[in-house]
Amino acid sequence: MISMKYRDLRDFLSLLEQRGELKRISQPIDPYLEMTEIADRTLRAGGPALLFENPKGYSMPVLCNLFGTAKRVAMGMGQEDVSALRDVGKLLAFLKEPDPPKGFRDLFDKLPKFKQVLNMPTKRLNSAPCQEQVWQGEDVDLSRIPVMHCWPEDAAPLVSWGLTITRGPHKERQNLGIYRQQVLGKNKLIMRWLSHRGGALDYQEWCEAHPGERFPVAVALGADPATILAAVTPVPDTLSEYAFAGLLRGHKTEVVKCLSNDLEVPASAEIVLEGYIEQGDMAPEGPYGDHTGYYNEIDNFPVFTVTHITQRQDAIYHSTYTGRPPDEPAVMGVALNEVFVPILQKQFPEIVDFYLPPEGCSYRLAVVTIKKQYAGHAKRVMMGVWSFLRQFMYTKFVIVCDDDINARDWNDVIWAITTRMDPSRDTVLIENTPIDYLDFASPVSGLGSKMGLDATNKWPAETPREWGRPIKMDEDVRARIDALWDELAIFSDKDAKR
């Protein structure tokens, strides 16, 4: 599966630069708003990753738009193109529910997958590049880092690509998650994690098991691409993100123990923030412009106190912005969509395709095409999408179509909705379900409704009426006209080029 390997972020950047996928910007650019505007224009044009070498007021370069195209997401996962991410999804589906070999030949066919599993354990180092420079105590100062202030009405600079590492009580496995963090002071950040996310669950369990005790936290900035992408990929609960990163990378993830706690961080990370959350220490976070295209409301979240900053020599700060799609999370969603498909198909073989349109904020609307086998089949698939993977817990709309519809073509999907649906019969509404806290359209924060649209052809049990047959030209006629088409010269060469 692996075709490209990177030991660290710098290794990846070198390859991107060789391929014209990285642009160095030497002009002084301000992290306050200017970087966002440049990054946004570049991403919308399908441009390269950006390395701002001279941020105004800082000596540390800033990396933006690293995963600003689906191709670069695929490259970060060790693949040459997005279509190959289906193989990543197949591997995850296998790891989620491995099928035992049915015989010697089947065992032989599965050997490559078993060999990849050998790369899953982490490799622990005694020293690491991420600890080449150390600040602690009074020397800790987050203002040394050129944290971007992305939008005019944002409350403060925002750490956007922090890989947060936590461990719940009595757990061996660490959790890795990407949570935005508002800069609150020279040694304090606000950790905005939603209650169902791994870091928040670890913290809740810690508070129950160790009342009053500080909760250890580490945040890695600028990890290698495999580790970053593993943190946003739907890995099985039994598999750690570090282990999956090893599979993607083709060799074990190298980690090192923090200086102030027992958490293990990526050894090659550019910057690591170590510290703790004091139980009950909360602060109002926001407002911030987010991936919906709006500023979100203010809410209280835990305060992360930083006791140590460690970093590499000549560290690079990895950052991004979020806004109305397309933004970097939306682009990543398009690529990771290919990972989801095989996982869903293993559980629901009738699924032909699954698509999360980026304009739907990457997860709020899903289009599913199926090989329909019985009356009510579409409703079963809706319920399956909402319940099978927690990544779709916040998906508000699920549209189910037949397999003659292209899930990724709105012309097809809208035609199916308007010709195969009766709004009363074919719409499913479910109230009081979990909803994204950023969704201000829901009547209650974190709680709202979901809608399923059955845009499939209806079976006799679903309607007493004779169902329409799609118009289709005779194949012999199509073949004759294909052969005659160029001779007809209906379009001139000039018109054809248009």
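Placed from the backbone N, Cα and C atoms, the Cβ positions cover glycine too.
What Swiss-Prot says about this protein:
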ACT_SITE  ASP290  active site, proton donor
BINDING   ASN175, GLU241  Mn(2+) binding site
BINDING   ILE178, TYR179, ARG180, ARG192, TRP193, LEU194, ARG197, GLY198  prenylated FMN binding site
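TRP193 (prenylated FMN binding site) counts 21 other C-beta atoms within 10 Å of its own C-beta, drawing on all protein chains shown.
Taking CA atoms as the reference points, GLY198 (prenylated FMN binding site) and the residue listed as 'active site, proton donor' are 21 Å apart. The distance from the Cα of ARG197 (prenylated FMN binding site) to the Cα of ASN175 (Mn(2+) binding site) comes to 10 Å. Of the listed binding-site residues, namely ARG180, ARG192, ARG197, the sparsest CB environment within 10 A is found at ARG197.
Distance noted between the C-alpha atoms of ARG180 (prenylated FMN binding site) and the residue listed as 'active site, proton donor' is 10 Å. Those same-chain residues not listed among ILE178, TYR179, ARG180, ARG192, TRP193, LEU194, ARG197, GLY198 yet with C-beta within 8 angstroms of the centroid of the prenylated FMN site C-beta atoms are THR164, GLY177, MET191, GLY199, ALA200.
A simple way to gauge crowding: the CB of GLU241 (Mn(2+) binding site) has 25 other CB atoms within 10 angstroms, across all the protein chains here. Same-chain residues at least 6 positions away in sequence with a Cβ under 8 Å from that of LEU194 (prenylated FMN binding site) are, in sequence order, ALA200, ASP436, TYR437.
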